[in-house]
Every structure is written in structure tokens, then in C-alpha cells.
Amino acid sequence: MNRKGILFVISGPSGVGKGTLKKALLDQTKDLNLSISATTRPARLGEVHGQHYFFVDQAKFREMIEQDAFLEWAQVYSNLYGTPRGFVLNHLQQGRDVLLEIDIQGALQVKEKMPSGVFIFIYPPNLEELAFRLVSRGQDSQDSIEARLAACENELKHIDYYDYLVVNDKIDRALQKITAIIIAERCKIKNLNMR
């Protein structure tokens with residue numbers, strides 16, 4: 001029996017473990033394809049166009065914005081990043097599921113354009129644990145950590161836009177819950193091509 005492809009969106013506050021969960025899901029979940037973003041930043045050593053990112057120049061990216069070619073896009077410092085609509089739709093139309101790991105603002109943009117997606121909010125067990133994770137990864141200044149924690153409280157206000165909440169207290173337990181969500185969504189009648 002054929003079924004429609006499903007867009008699975010995981011998002012949550014910075015430092016909650018989205019990247020770790022994404023990698024584990026892709027490693028262990030059959031027929032789950034990663035959404036590839038477009039960016040104007042130069043490719044780093046070892047990055048491959050079409051595998052890590054779609055690398056485009058500013059003019060091309062702006063043209064794609066004008067053509068409504070993105071499910072979402074954002075400017076991060078001097079670079080632009082976006083999720084190409086065509087890439088995602090092509091996979092979905094071929095019955096392939098797509099996983100998109102994104103920040104909360106991006107997820108809200110995607111929800112507007114693709115409300116049929118499955119939106120999963122990843123949340124820490126508490127703010128103290130999130131602070132510990134942010135400090136432990138050693139990538140952020142104290143000011144940045146405090147700003148991220150303040151943003152986390154604000155981001156919780158958007159929880160109603162999501163279909164599921166998964167608390168990432170233990171990576172294996174969170175992974176098990178997301179896997180259960182994927183299995184259940186794949187079995188829903190609305191996602192099956194019955195004719």
C-alpha cells in the first residue's frame with residue numbers, strides 16, 4: 001500500500017538536543033530523508049552542494065524569496081538560510097518522509113505554509129538542565145546563554161502550534177517517543193493512498 005510522504009518538523013529551544021535527536025533519527029529510521037537548506041554562506045571544507053546545503057549567491061536567494069520558493073527563510077548575521085519548498089514537496093509527492101530540524105520561528109513559518117506537517121516540540125526537563133547543556137557545549141558566552149534561556153521561556157508561548165511535546169530528559173527516551181510518533185503518523189488513514 002502506498003502512502004503520502006509526511007513532513008516531520010522538530011524544533012525547540014537552543015541547546016535542547018535537536019541536532020543529536022535528528023542524527024539518531026536519521027541513523028535508525030527507515031525511509032526518513034533530511035531536508036536540505038539553501039544558504040548564501042560559502043561552503044566549508046568538506047561540505048558538498050546538494051548534500052550538506054544548496055549553496056547559492058545572494059542574488060539567487062533573493063530571487064527565490066520573490067518566487068516564494070521557500071517554506072521558511074531567515075537572515076543569520078550576513079548570511080541567508082532557507083528551506084526550499086520544491087525539494088520538500090518533491091520528496092513528499094514521491095511518498096518519502098522528510099525530517100526538518102529548525103528553530104521555533106522557522107517552524108512557525110513552515111506551519112503557515114504546510115499545516116499538514118507533523119510538528120514536534122523538543123523541550124528540556126527544566127531550565128536548569130538547559131543552562132547546564134548550553135554551558136557544557138562550550139560554544140556560548142554567559143550573556144548568550146542568559147539570552148537563550150530568556151528566549152526559551154518566550155518560545156514556550158508557541159507550544160499550541162505544535163502537535164506533540166517531547167521532553168528530552170534522556171536521549172534514548174526522547175528518541176523512543178519521536179519514533180512512536182513517526183510510526184503512528186505513518187499508519188494514519190489520512191496518510192495512506194487507499195485507492
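Each residue, glycine too, has its Cβ placed from N, Cα and C.
If you look up Swiss-Prot, you'll see 5-183 marked as domain 'Guanylate kinase-like'. As annotated by Swiss-Prot, ATP binding site applies to Gly12, Pro13, Ser14, Gly15, Val16, Gly17, Lys18, Gly19, with the evidence given as sequence analysis.
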Residues close to ATP site centre defined by Gly12, Pro13, Ser14, Gly15, Val16, Gly17, Lys18, Gly19, Cβ within 8 Å: Ile122, Pro124, Arg133, Asn168
Cβ neighbours within the same chain of Val16 (ATP binding site) - under 8 Å, at least six residues apart: Ile122, Tyr123, Pro124, Leu130, Arg133, Asn168
Predicted model, mean pLDDT over the domain 'Guanylate kinase-like' (5-183): 91
Cβ neighbours of Gly19 (ATP binding site) where a neighbour is any other Cβ within 10 Å: 11
Gly15 (ATP binding site) - helix vs strand vs coil (DSSP): coil
Per-residue Cβ crowding (10 Å cut-off), top of binding-site residues Pro13, Ser14, Lys18: Pro13
Greatest C-beta neighbour count within 10 angstroms, which of the binding-site residues Gly12, Gly15, Gly17: Gly12
